[in-house]
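S.K.: Quick one: the structure is below, and I'll ask about it shortly.
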């Protein structure tokens, strides 16, 4: 019979129980034992839920207090030397220190602090993992038995699970080496014995199969990296009497498919949502007789109810070729990336609820597909019929389908993505209109969010205060922020965004086509959870979104005020996106809505408008040969949003990451008049790519690190400005912080900005002398 399996379940709990427990421990409100009890209760609940839903293969060790890659670091003893660890078991405090760093008070005065390990995006998802660190001195030993302990814990509960572990090759490739002459794969020989020991201990505990995640198989790999996979699994296949199930996800294997199919393993998992063609490719290549395929047919990264009839055809294709005993049915990836349970959503209409499937509902779909493939039509027909009705309803829904929006997208032409004149002609007009000096100063948008702001927004949402009371408060905050900036001496001001919480949610709630959940939480990193909006229908803007507050801000000053908007690509990337049309089409709809807002801001006298695109690079496909298509439509959408204005109106954008070399041409094609970037920590190194490319427009490299509470001195910011001027012309450069100031306090922000303005004035005097 076909096997219903799962690769991973959300660990946070349906109501973010894990977040509260871990943060309670960090604050000292919970003891270690109380934290462990809370975690065990969550695990037991998750295993019971999945077993009751009918899964044949339930995962364990998918739970984590913080991150699964950090768990693997603890398992193999990959603890950087700067952390106080005695080389035995990695305890809970060492584990959290690796993720969060140590402050002086944690170290009893022995040191001033220990920096946390780096965190970065998990492939092209919105989850973040802790980056392993490797050096010539790195050694490995079994230093955490969590994977074995949790297998035994589940077994005691009556659930025989399949433990999940990051595979050894991906573990090394996901890390960073601390020496230029060290290749992470040089450590494979030392790492494999620890993995072999884990497999043997699992086998001794009665475990029959282990899931080894090798997501790097969907990336562009070198011959040496493919050889490392062969070496690793040849060794692990002989390590213990246990089945090896290798999971790949987030894309197709493409040229790595032969390597994966030839590994000495028992099951290979294929993502058939982002690599739907690879089942046919695998069957055409030839699947070894002793290899079963796990079919990732249920989308583990989106929230839509599956088309079960269509997916059944895929499952039956595999069964016809391999037989039912060699086919597993599962999600495309771990269900970590979707909310826990649709039944916790009281705010969605009954009709809308039928459109979606969260983790619990996705497991129901997996089980139904496996059972239907085994001929159990009567038992599964209700869910299949629910799937049919949902897809038919979406196709016919007036809420989803807006002919006016579709017609407008169809009418987009090249002229809508071009400014009237090139930047070289626009720039002098803008400098005159805005009365800008050399090296103008500004900020990125947000100012400190106080407890009062958060409280007033919450009270207004709950109807505890009137609209007039709320708006009076917001006006007061804006006026204070404008006055503070004038006192500091900034050249272009912002209104401070006191009315905004999340930068995507704020706009999404004002756009038709977006839906929001109450409990649709997913883990971003550690205890940080987010509720991504759902782009469910055609997107349009029923009325202006920001002109009310920007007009008020503009009336408070004679200094230019910059409008702040979230860009279409970022709105797309940080949402669950509809699956019934291309992402490019949805992005164009958002871009048209933002375009309308840009033009309205211009009409009310805002002459500088910033369209933030922090997620622009995140949208890059994992395979380089797919980049051009994405960059073509992503750049088009930014230009569609920004190109309707007059030459005198200055368009800014902001990107907060430091790798531009491989997309610098696309950034130039966006044709923003000014791009501000995070640069202070890298000491302006990222400007090398702008300099080498001869970037034509204006740049604001950050000179104030807003991620730290310290106040940078005038002298150090002067030095950064002068360093930047080695790569940029004075007429090309702006002076600004790295990012928005929302998370900082006024006592830090005020003196930091005063020093920044003074530094700019000092360098300006010399540059213009």
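Here the Cβ of each residue, glycine as well, is placed from N, Cα and C on the backbone.
Fair warning: this is a prediction, and the values are worked out from it, not measured in the lab.
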S.K.: Which is it, of 415-450, 451-486, 487-522, that Swiss-Prot names as region 'Disordered'?
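M.R.: My reading of Swiss-Prot: the region 'Disordered' range is 415-450.
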S.K.: In Swiss-Prot, 444, 445, 446, 497 are given as binding L-homocysteine, so which of 320, 325, 603, 612 is in that site too?
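M.R.: Looking through 320, 325, 603, 612, the residue Swiss-Prot assigns to the L-homocysteine site is 612.
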S.K.: Out of 81, 618, 624, which is the one Swiss-Prot records at the 5-methyltetrahydropteroyltri-L-glutamate site of 16, 17, 18, 19, 121, 528, 529, 574?
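M.R.: As annotated by Swiss-Prot, 16, 17, 18, 19, 121, 528, 529, 574 share the 5-methyltetrahydropteroyltri-L-glutamate site with 618, chosen from 81, 618, 624.
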S.K.: Near residue 707 (active site, proton donor), which binding-site residues out of 16, 121, 444, 445, 497, 612 have their CA within 10 Å?
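M.R.: Among 16, 121, 444, 445, 497, 612, not one has a Cα sitting within 10 Å of that of residue 707 (active site, proton donor).
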S.K.: For residue 444 (L-methionine binding site), which of the binding-site residues 16, 18, 121, 529, 656 has the nearest Cα in space?
M.R.: 656
S.K.: Cβ under 8 Å, sequence separation of at least 6 from the ends of the region 'Disordered' (415-450): give me the contacting residues as numbers and ranges.
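M.R.: Apart from its flanks, the region 'Disordered' (415-450) reaches 481, 484-485, 489-494, 496-498, 500, 560, 562, 564, 595, 607-608, 610, 612, 636, 639-640, 643-650, 654, 671, 673, 676, 696-698, 700, 721, 730-731, 733-746, 749, 753, 756-757, 760, 763-764, 767-768.
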S.K.: For residue 445 (L-methionine binding site), which residues in the same chain are close in space, meaning a Cβ under 8 Å from its Cβ, but six or more apart along the sequence?
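M.R.: The answer is 494, 497, 562, 564, 610, 612, 654, 740.
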S.K.: Please report the distance from the Cα of residue 121 (5-methyltetrahydropteroyltri-L-glutamate binding site) to the Cα of residue 678 (Zn(2+) binding site), rounded to the nearest angstrom.
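M.R.: Distance (Cα to Cα, whole Å): 17 Å.
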S.K.: Same-chain residues six or more away whose CB lies under 8 A from the CB of residue 656 (Zn(2+) binding site)?
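M.R.: Once residues fewer than 6 apart are set aside, residue 656 (Zn(2+) binding site) is near 614, 677, 678, 738, 739.
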S.K.: Please determine which of the binding-site residues listed here (618, 678) has the lowest count of neighbouring CB atoms within 10 Å.
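M.R.: Sparsest of the binding-site residues 618, 678 by Cβ contacts within 10 Å: 618.
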S.K.: What are the non-local neighbours of residue 16 (5-methyltetrahydropteroyltri-L-glutamate binding site), defined as same-chain residues 6+ apart in sequence with CB under 8 A from its CB?
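M.R.: Listed in sequence order: 521, 529.
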S.K.: Among all the protein chains here, how many other CB atoms are within 10 A of the CB of residue 529 (5-methyltetrahydropteroyltri-L-glutamate binding site)?
M.R.: 18
